[in-house]
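So the structure is just underneath, and the comments pick up after that.
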Ligand SMILES: NC(=O)C1=CN([C@@H]2O[C@H](COP(=O)(O)OP(=O)(O)OC[C@H]3O[C@@H](n4cnc5c(N)ncnc54)[C@H](O)[C@@H]3O)[C@@H](O)[C@H]2O)C=CC1
Ligand SMILES: CC(C)CC(=O)C(=O)O
Ligand SMILES: [Mg+2]
């Protein structure tokens, strides 16, 4: 079991430390951890946010456990040197096109959701976000127009192949869950979305047991708050998925709870190569204070054991320990409690 560990910036190192302690407590046979620099810290040390050495370390492993990247001190840098490029670059260079972001209501947190408890209780959904395309990867630039005004552009584009590929991931996920798939787009306005919708409908013919529906993204954002229980699997593009998953996190209580797996086609001995990270960023406002909630990262480690190493039992042990920790009222500041990052890690380990 070779695991690359890239903590990154801000609270990245704090939450990764707790995930590593949880993995240690499982005494996984033959686990080897290889460290690597990404983000602002890599820029400071190597002059680039994603050194080639880091990419090679990832390639020599079965999985990457990733914290977060980004630092306000780098906001002045040219875009290609910004820390955030490290995570985009890794996802692209490692061919990780499918980003799975589950959002499930934990018992005992209903009153802490941004929604009414009886509505929050129904949340059990999976966002399948395409991760290698869309405006994040399209042609982009700025220029000064003839009238003297500066303008900027980011091209949104998707090929049919890219949509079909993520659609298959989402239909398969729906088959393994409640058999419902909602494809989210903006097909009333965007050409990319019309193509997206057509390609998803084409792929649907191969999955007659999955009930497919389509929703415009503005409505989806509203429905996520009004009636989240209607969603099982949601498939969408890079930008919409990024935004909707942050929104979903507050529906279950906090962004500090949502884990993710980024997968491609490369296989490992017992699963699929993947990168695992919390959906949140580096939280500069609380970094260095021991106040970050490590649960999203701990749950990402559980997803890693499941998807890259085929260790379902260990994944479930972590998930149960997290659920028990939350049910017992061990809450960090993001959930209105006072437990520190380390205390939450300790509580999960105690319950393993
Ligand atoms: N995958 C990645 O590496 C990502 C990096 N970023 C970067 O992170 C930096 C900060 O971005 P923001 O927009 O502020 O988003 P953010 O997710 O870092 O923080 C948003 C808010 O949520 C809180 N928060 C986030 N994670 C938390 C946790 N585990 N426990 C408790 N509270 C938590 C923060 O304190 C903040 O108030 C930027 O440089 C951004 O580009 C943002 C999102 C993802
Ligand atoms: C750097 C960002 C694109 C990362 C992000 O917000 C995300 O993947 O959720
Ligand atoms: Mg995001």
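Glycine residues also receive a Cβ, built from the backbone N, Cα and C atoms like all the rest.
Because TrEMBL annotations are produced automatically, they should be read as predictions rather than curated entries.
Predicted, not measured: the structure shown is a model, and the values here were computed from it.
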_substrate binding, same site as 91, 129, 218 - TrEMBL member from 79, 101, 143_ = 101
*Could you tell me which three-state DSSP class residue 246 (Mg(2+) binding site) falls into?*
helix
*How many Å lie between the Cα of residue 218 (substrate binding site) and the Cα of residue 186 (site 'Important for catalysis')?*
8
*Show which residues of the chain containing residue 186 (site 'Important for catalysis'), separated from it by at least 6 in sequence, have their CB under 8 Å from its CB.*
193, 216, 217, 218, 240
*Cβ-based neighbourhood (8 Å from the centroid) of the Mg(2+) site, residues 218, 242, 246 excluded*: 217, 221, 239, 240, 241, 243, 244, 245, 247
*Out of 91, 101, 129, 136, point to the one nearest residue 246 (Mg(2+) binding site) in space (Cα versus Cα); all of them are recorded positions in the record.*
101
*Which of these binding-site residues (129, 218, 242, 246) have a C-beta closer than 6 Å to some atom of ligand 2?*
242
